[in-house]
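Undergrad: If you scroll down you'll find the structure; I have some questions about it.
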Amino acid sequence: MVSDSKLELPLPVNQQKPRRRRILKVHLLIAALILSAVGYLGKGKWIWTPERKAHFVLTHFPLIDGHNDLPIYLRENYDNRLLNISLEHLPGQTDIFRLRQGHVGGQFWSVFVECPSLDSNSSLSWNRTGEYEAVTQTLQQIDVVKRMALYYPKTFSLTDHSGKVKFDFLRNHISSMMGIEGLHQIAGSPSILRQFYDLGVRYATLAHNCDNVFADAAVDGKRTNKGLSPAGRDIVREMNRLGMIVDLSHTTPETMHQALDVSVAPAFFSHSSAKGVYDHPRNVPDDVLIRVKETDGVVMVNFYPAFISPHPENATIDTVVEHIMHIANVTGSYRHIGLGGDFDGIDMVPKGLEDVSKYPDLFVKLAERGLSITELADIAGRNVLRVWKTTEDLGHSIHEPPLEWEDDF
């Protein structure tokens with residue numbers, strides 16, 4: 001038996017060191033969450049209805065969406081002048097009020113810039129002069145995301161590493177990450193890629209709707225590189241070194257496979273759906289889904305009706321569920337699925353998923369299909385956080401010098 005004289009009781013919180021107090025507060029909060037869950041289970045008459053499952057998951061685990069185009073919406077409609085508007089209520093598909101209704105806990109904001117028009121006097125499949133302008137515009141889009149967090153500090157929290165998401169969630173903040181959507185935005189320069197990373201960009205889509213010097217686009221591309229160019233292989237390895245996520249959405253199947261051959265990180269698609277459900281070039285083929293499983297990666301399912309259904313006008317929330325179920329069937333689990341709605345970058349929406357407030361309805365639908373709380377939590381955000389952390393850890397383990405060539409094409 002341990003005597004009272006030898007039993008070391010914890011000091012009152014106000015007498016503990018700051019770091020110890022912080023750790024204790026986190027532990028107490030975790031304990032409260034566990035007790036809350038036990039309380040749910042302990043009520044003899046409690047029934048886990050689909051609605052209760054969905055609510056439990058979305059209030060205990062951060063929902064992280066892989067792709068939202070609010071920044072370009074703000075540019076095109078308001079010239080990025082945030083002081084002239086309120087982000088609480090906007091006429092598009094995303095605003096603070098509806099993000100809260102949708103229980104969004106984290107968002108990868110796309111700092112998208114359109115592909116430059118090709119030079120009719122050049123035989124190249126890219127326009128380097130136009131790409132230089134895209135670099136400038138990308139910096140402006142990064143800035144607008146940072147100003148979102150500056151002007152709404154109780155809502156948005158700039159987040160540059162995966163471990164911060166859980167703490168943002170506990171503070172009721174929406175983790176705000178950034179991704180560039182096409183390597184035309186770096187104008188052939190790995191140094192620009194590195195500077196974007198230092199500014200907070202955490203994924204880069206290899207191509208948008210145009211080929212670039214690195215990779216081929218699935219839509220409006222010309223198969224210029226027949227997948228990845230030699231420079232593209234180098235840039236994928238540089239992204240691995242940085243700990244930046246390699247995003248394969250928008251790319252051709254050849255590009256997907258070749259990138260997975262080169263990359264040491266898990267496969268990642270920020271906003272793509274299943275080609276096995278609808279044969280659209282923006283979707284992921286089944287043979288690539290197998291590789292997603294092999295690399296322990298994730299496909300963030302897109303909601304755009306034109307990508308998910310041969311009859312876009314008839315697309316519904318159930319259409320999105322079918323894509324999710326197909327990916328689960330091919331990969332053998334729900335471990336490789338996330339959500340990348342593409343809101344404010346799409347001109348039509350599925351019935352039942354009209355805006356960012358509708359995520360709870362999607363989780364109810366998934367719960368009705370028999371998904372467990374663990375599986376729902378995986379789809380909500382645990383899968384993408386796993387992929388992100390693995391990518392970060394691999395970056396820390398790569399001890400190579402930065403890629404030093406500049407625009408050598």
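Cβ coordinates come from backbone N, Cα and C, glycine included.
Keep in mind that this is a model prediction, so the values were computed, not measured.
According to Swiss-Prot, the protein has these features:
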BINDING   H67, D69, E181  Zn(2+) 1 binding site
BINDING   E181, H250, H271  Zn(2+) 2 binding site
SIGNAL    1-39  signal peptide
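Mind mapping these onto the model and telling me what they sit next to?
TA: For H67 (Zn(2+) 1 binding site), other Cβ atoms within 10 Å of its Cβ number 29. H67 (Zn(2+) 1 binding site) falls within a strand segment according to DSSP.
The C-beta environment of H271 (Zn(2+) 2 binding site), restricted to residues of the same chain at least 6 apart in sequence and closer than 8 Å, consists of G66, H67, S249, M300, V301, N302, G340, G341, D342. According to DSSP, H271 (Zn(2+) 2 binding site) sits in a coil region rather than a helix or strand.
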Undergrad: Between the binding-site residues E181, H250, whose Cβ has more other Cβ atoms within 10 Å than any of the rest?
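TA: Output for this query is E181.
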Undergrad: Sequence gap of 6 or more, Cβ distance under 8 Å: name the residues on the same chain that satisfy this around D69 (Zn(2+) 1 binding site), in order along the sequence.
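TA: Expected: S110, F112, D342, F343, D344, G345, I346.
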Undergrad: Whose Cβ lies within 8 Å of the mean position of the Cβ atoms of H67, D69, E181, the Zn(2+) 1 site, other than those residues?
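TA: Along the chain, the qualifying residues are N68, I72, F108, W109, S110, F112, G179, S270, H271, D342, G345.
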Undergrad: Can you see whether DSSP assigns E181 (Zn(2+) 1 binding site) to helix, strand or coil?
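TA: E181 (Zn(2+) 1 binding site) sits in a strand per DSSP.
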